[in-house]
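Asker: So that we are looking at the same thing, I have put the structure below in structure tokens.
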Amino acid sequence: MMIDMFTGLKRSHRGGDLRIDHAGQTVTLMGWVQRRRDHGGLIFVDLRDRSGLVQVVFSPEVGKEAFTKAEDVRNEYVLAVTGDVRPRPEGTVNANLPSGQIDVYARQLWVLNSAKTPPFYIEDGVDVDETVRLKYRYLDLRRPEMQRNLIIRHKTAKAMRDFLDRNGFLEIETPMLTKSTPEGAREFMVPSRIHPGEFFVLPQSPQLYKQILMVAGMERYFQIVRCFRDEDLRADRQPEFTQLDIEMSFTQMDDLLTLMEEMVAHIFKEALGKEISTPFRRIPYAEAMGRFGSDKPDLRFGLELIDLTETVKDVEFKVFASVVKGGGEVKAINAKGCAHFSRKEIDDLTKGVAVYGAKGLAYIQMTEEGPKSPIAKFFTDEQLNAVLDRLGAEKGDLLLFVADKPSVVAASLGFLRQELARRLNLIDSEKLEFAWVVDFPLVEYDPEEKRYNAIHHPFTAPKDEDLDLLDKEPGKVRAKAYDLVLNGVELGGGSLRIYRRDIQEKMFAILGLTAEEAYQKFGFLLDAFDYGTPPHGGIAFGLDRMIMLMTGRDTIRDVIAFPKTQSASDMMVDAPSAVTPRQLKELHIKLDLPVKAPKAEPAKK
């Protein structure tokens, strides 16, 4: 087919924007062929552009040459069409299509490009392997649902910028090539040609630079920034990801959280047209772990964890009694109306909690005949009634117990809570439940490393009332830290920062760094603290995760234009890839690659 020149052509309208009000106008449209139907005397083409679809009718009576050319048009050809907008005949209106009240009768047709047959249909809900979608990402992104995701991403970023600009924040870029501080996740390293044997790293976050900007008197900073972590991937992780990074000087925690609530409400209104009520509830970390078994609680449903440690401490059931005696705890969930669960279903749940360290899952079924359970014989009537009262048990309920150290109980029942909610269809996908989780521990002890690790990062300030515990019992110190959670997913996290050199040096010492190590890694920050550092704090929001929740997707790969696979590769451009020996030589790098295991020989018959 002859390809027409684009010279002089100008689009007048987007096809998906045409309505009955445009009837009688002559328009020039441009887009892709979604579908072509030949009805003998007429040819119908659904023309697609970013705005949607419009039906173009080719009739030899209106445009003979255009009709002839349309006979050779196929799916995904790129067309320009000039034609007349006409109301559709009665009975042919398509109420499911925004432009469904009109057709465009083509006078002229230009074929701007042809196309091979795509490896999958360019339409929503297409059932195709994700690796194929990622390899042909330029086709996948033509699908309306994928374009909607990126449009919402754009609107979200714009809403963020508009809100922060109105509130006195400056958008300031920080370096992409920076210094290695190997305390957190594994870093991507960039060799320096000019400084042989030395490396930059790609930043995991702009944390230190934004604090330096506060020292520099910028007062209110933000940027929408790309960050990098060389870690194993999950559905909500990528080696490169985007976050909204914010820092403020002279702010109290309440002021910062209130401003962020206003920003989130603004984002959801501008990008989705949804009204979000504020303020968000605030839940202390200990309460979140105690009631929901998670520091990212999904508040769209109940199924709260009930502490029975005191209630069962004297029962004859050795599993419970020994755990309580050893300083552990016993907690349970009342799964309302689930007494009918089969033994297999309970066994499946038992296997589920075992992944989180639970050694078993005790249960009581509240049947018509009364409580039924392998453990009931170890309880006196008084003890059993006390447990049932504590759990609010009624006929038809299923009571599920885990006894272990607190971390295992929380993780196991936290999983069980989510799994039961999923099985019982308790999760309202339309509901938005925001919460701030606050008062995190500042550090946690690692018995293997025999040292403390920062829960958030080493620059998080301890609560003023806990400062005296820093020297004696750092594990009991609470942090001025906060995470914003939406429907069980962490949207963002931050803290008020340490802004005094003496406290920052003490924090490094608690984390096991010598004074020399601390200065080698963070000397520039410590030196900056000598020159009048203001009190400051900030937060970072994961933009990819936020868009994933806003669009109802299951993976952030659906809201990133060109994501990596779960094996950290780019299927479309085939990256990462080998480089030439010359490139390696320029960087003074020699490869020491792992030896590939030999392929097993087929067994001899």
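Backbone N, Cα and C atoms are what each Cβ position is placed from, and that goes for glycine too.
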Asker: For the ATP site that Swiss-Prot assigns to Arg229, Asp230, Glu231, Glu490, Gly542, Leu543, Asp544, Arg545, which of the candidates Gln238, Gln504 is also assigned?
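Answerer: Swiss-Prot lists Arg229, Asp230, Glu231, Glu490, Gly542, Leu543, Asp544, Arg545 binding ATP, and from Gln238, Gln504 it also lists Gln238.
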Asker: Under Swiss-Prot, the annotation region 'Aspartate' belongs to which of these stretches: 147-150, 207-210, 307-310, 579-582?
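Answerer: From Swiss-Prot, the annotated region 'Aspartate' range turns out to be 207-210.
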Asker: Record lists Arg229, Asp230, Glu231, Gln238, Glu490, Gly542, Leu543, Asp544, Arg545 as binding ATP; longest Cα-Cα distance in Å?
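Answerer: Across Arg229, Asp230, Glu231, Gln238, Glu490, Gly542, Leu543, Asp544, Arg545, the two farthest Cα atoms sit 20 Å apart.
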Asker: Looking at the binding-site residues Arg229, His456, Glu490, whose Cα is closest in space to that of Gly91 (site 'Important for tRNA non-discrimination')?
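Answerer: Checking each of Arg229, His456, Glu490 against Gly91 (site 'Important for tRNA non-discrimination'), the shortest Cα distance is to Glu490.
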Asker: Measuring CA to CA, name the entry from the recorded positions His39, His456, Arg497 that ends up nearest Glu231 (ATP binding site).
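Answerer: Among His39, His456, Arg497, His456.
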Asker: According to DSSP, how is the region 'Aspartate' (207-210) divided among helix, strand and coil residues?
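Answerer: Looking at the region 'Aspartate' (207-210) with DSSP, the answer is 4 helix, 0 strand, 0 coil.
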Asker: Which of the recorded positions His39, Arg229, His456, Arg497 has its Cα nearest to the Cα of Arg545 (ATP binding site)?
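Answerer: The smallest Cα gap between Arg545 (ATP binding site) and any of the recorded positions is with Arg229.
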Asker: Would you kindly give the Cα-Cα distance separating His39 (site 'Important for tRNA non-discrimination') and His456 (L-aspartate binding site), rounded to the nearest Å?
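Answerer: Cα to Cα, His456 (L-aspartate binding site) and His39 (site 'Important for tRNA non-discrimination') are separated by 65 Å.
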Asker: Return the member of His39, Arg229, Arg497 nearest to Leu543 (ATP binding site) in space, with distance defined Cα to Cα and candidates limited to these recorded positions.
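Answerer: For Leu543 (ATP binding site), the spatially nearest of the recorded positions is Arg229.
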Asker: Relative to the Cβ of Glu490 (ATP binding site), which residues of the same chain, six or more apart in sequence, are found under 8 Å away?
Answerer: Lys296, Asp483, Leu484, Gly542, Arg545
Asker: Relative to the Cβ of Arg497 (L-aspartate binding site), which residues of the same chain, six or more apart in sequence, are found under 8 Å away?
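Answerer: Sequence-distant Cβ neighbours: Gln211, Met214, Phe459, Thr460, Ala461, His536, Gly537, Gly538.
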